[in-house]
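Quick look at what TrEMBL lists:
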- 153-167: compositional bias 'Basic and acidic residues' (COMPBIAS)
- 44-82: domain 'RING-type' (DOMAIN)
- 209-294: domain 'PDZ' (DOMAIN)
- 304-387: domain 'PDZ' (DOMAIN)
- 433-518: domain 'PDZ' (DOMAIN)
- 569-655: domain 'PDZ' (DOMAIN)
- 142-189: region 'Disordered' (REGION)
Amino acid sequence: MTEPKGSAVGPAWVQVCKECGQVHSGQENHLYEYQDEVDDELICHICLQPLLRPMDTPCGHTYCFQCLGSFLREQDFCPVDRQRLQLHQCRPSSLLVRNLLDKLNVMCPYQPLCGQPMQRCELQPHLHNRCPGFRKLREEAERRKRPSWNELKGNKSELEPGTDSKHTPMSSRMAPPRGQADPGLVNPAFEETEDDAPLRCSLVAETNVVEIFRDEPEEELGIRIVGGKDTPLGNIVIQDILRDSLAARDGRLAPGDHILEVNDVSVASIAHAHAVAVLRRPCPAVRLTVMQEKGFSTRNPLIQVTLMKRDRSEPLGIKLIRKSEEPGVFILDLLPGGLAAKDGKLRNNDKVLAINGQDLRHGTPESAAQIIQASEVRVNFVVMRQQEPVGEVDLGSEGRSRGIRRNADLHYFRRRSTYVKDPPDGFSSQEKTVSVKKEPRLSLGITIAGGRDSRSHLPIYITSVQPVGCLHRDGTIKAGDVLLSINGVDLTQLTYSEAVSVLKAQASQASVVLRVLETVTTSREEEEGEAVDLDELEVLENPREDDVNWAPLWTHWLGLPSALHWCRDIALHKVNNESWGFSIVGGYEEGHGQQPFFIKTIVPGTPAHFDGRLKCGDEIVAVNGATTAGMNNSSLIPLLKLQRNKVTLTVVSWPGSLA
């Protein structure tokens, strides 16, 4: 590839692959300029090129994942021996094979500015960190498409509020002009000065493709999701990533990412349960198209550090850890006499955001170590350093804060909510009472979970109804029903062990009266007559008898009455005109009436992000003790903007659906 020139710079950058540096469609394999002859055992028999993301068939052949997937969409047999074959029967090749492929020698395609030889696995970090040709192409493209703030302010009328950012790889987001808030959307992440000039550049969101391979087709990704077309959030948003899961080990997904497509199936406008079913479909690899926020604040400065090794095997002398209370990779210690200690720029407790251009905001020490080991002599770090904390906010005569620490908060732990409100449109609950007469030794036949000592302080709910119990014959009680009382004994405020003791004691009686609450969802997809795979949804709502890990979907909890909510107060602090760093959906929606306010996005590098307690999908029930019930955007926006240095949000948080 030669250096693009003239007017072709902009289009060339849009078309170029950000991994291999060549121009090809998203459905085609990456292109590399190999320097040596490659062993036939490492060649794909479909494309006749060195293997990319190799997959082994049960009959002993190996192909590129992309090649095999395209072939099996038209045929149902192995290309070599023509034995019957389906993609879900194939498995990723061994680590040894993948390492051999990664070590193949290739040349940087940007000639004559670069053309440097390297191993194939090193090309992507080389392009993003060292290649002068790739950097020039990117800078020229960004210069051409990024107007100045004066141009933006002079052409506000040209910005259409209905623009869908998910269709553009790079999109800028700005707060709406004062007094023109979009219905149902509050975005206090971006505030304005008195003269309406933006305080900082707009937040950049990128659309990226993340492909994760499974060892088993039904293996969970380890992400919790919220949102959906049938909820106020609209989009499908990652709420959390489970530690040591596939997604955590991969390191590219993060809480707050919006999932747009799953294996080329759009989930941007489908109901929550339908999206969960799509994510759980068995397959050897999951290809996710996600929109990811890339903005950072200057409150805790970003520092770039480059360490130069004498050779590739020289250790850096850095110990990396992860913390239980915050995702990401942190520097625990710099070994005396080591390369990093001699350089002196890295410090203990620095948070590692990226190494050689690879995002580690939600990575692991193991993935960071692999990037370092695979690097050449130059290792580029981007770290975030917390300001020196003090015990409390101390505003001097000039009004500047010397630092903020989140002190222990007596209200950090959840308490029973006293705020009365209606559930979102389409979600409700109904009470059921079951009276059964039974032999004293006959079991009720139910299993339970939850309890006010659980992580999310869920009420006690039923996880299964066993065929051997008396409640199964009645048929009224279902998995997911919330237990209210048994024989008049209240169960709603008990811990798990307390609830088990009460149920055992009352179940020994000859007559049992059980009060439960069933949540009801009226899906907007059903109202609009859209086609949904009912078999997939049936598995989500009615678990198999042997499914011991079943849990209700996130939407299941939205219909609970406020008397069963437990909330907590989260106090956020900021410095002067710094933004709070979260966006909200809710308020009045035409056709759906008054909706609760939910956290939709938490912006990286802001007070809400650094505090770490707010999650996407949290419902805000009060601000500084004032209930949000009945509020609209025009009253909530000023309330948030008036809070200069501290705001206390009272939130209700439900666990996202696991996928």
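Heads up, the Cβ atoms here are built off N, Cα and C, so glycines get one too.
From a predicted model like this one, the values you see are computed outputs, not experimental measurements.
For the domain 'PDZ' (209-294), residue counts in helix, strand and coil come to 13 helix, 32 strand, 41 coil, using DSSP. Sequence-distant contacts of the domain 'RING-type' (44-82), counting only residues of its own chain at least 6 positions beyond either end whose CB sits under 8 Å from a CB of the stretch, comprise 27-30, 32, 34, 38, 89-94, 97-98, 101, 104, 211, 213, 284-285. Residue counts for the domain 'PDZ' (569-655) under DSSP (helix as H, G, I; strand as E, B; rest coil) come to 15 helix, 37 strand, 35 coil. DSSP places the residues of the domain 'PDZ' (433-518) in helix, strand and coil in these numbers: 17 helix, 29 strand, 40 coil.
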